[in-house]
């Protein structure tokens, strides 16, 4: 090796000790949170950005080992996506470059969109942990509310092993899991007292879907919120396809709703 390159020598034991120590410190810190967001797609990461920017302790769980949700797949794997106003203001705030194609309509590169959205959320103070699946919620009575989540390693679930989860508390839980609204679905099935009915997502009607998804983002039951494509599933709205304005605006709106609700609680 060249004498001009001085690489710090660190053995395998130290590597393991540092990783385990710092990881456990993070988990101990994030057992209690202001907000837990399930899903690191465009809505989840937008929500994380605005919540953390406001000073709320925000934790995002993502079952995969990557960011972005549906951004990366784009439209039939094409690497360009559509953003419409006023969502462009959110992307500009995060220094994501846009190409204007007509008044109020922009094209964004999917890789840049994912990377800078994640970086913005992290820089604002949100913690994102990959490879973790949320498979249940915590609830409380008097008053009835959702009070956190149960989590398991995604790899453990994929292996089909019977392993109990650990519990993470939160004043607000956001389902940003996408088309299946997985967290709300579990709460609906296992806590019928919440009175949640899920009509399911409808077929495509982009103009209607973009508007209604943002408008109907918000609380589903005390302590439980929906954002992004989870909104279409829970509210019975149409899908919109590879136009992502409503996703980032939905994330921003759910953050604003939670900030207001926690302030008033």
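Cβ from N, Cα, C; glycine included.
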Hey, Swiss-Prot has NAD(+) bound by 43, 62, 63, 70, 134, 162, 163, 164. Any idea which of 229, 240 it lists too? 229
Of all the binding-site residues here, 63, 179, 239, which one's CB has the most other CB atoms within 10 A? 63
Spacing of the two Cα atoms, residue 239 (glycine binding site) and residue 229 (NAD(+) binding site), in whole angstrom, works out to 8
In this structure, which of the binding-site residues 43, 134, 163, 229 has the fewest other Cβ atoms within 10 Å of its Cβ? 163
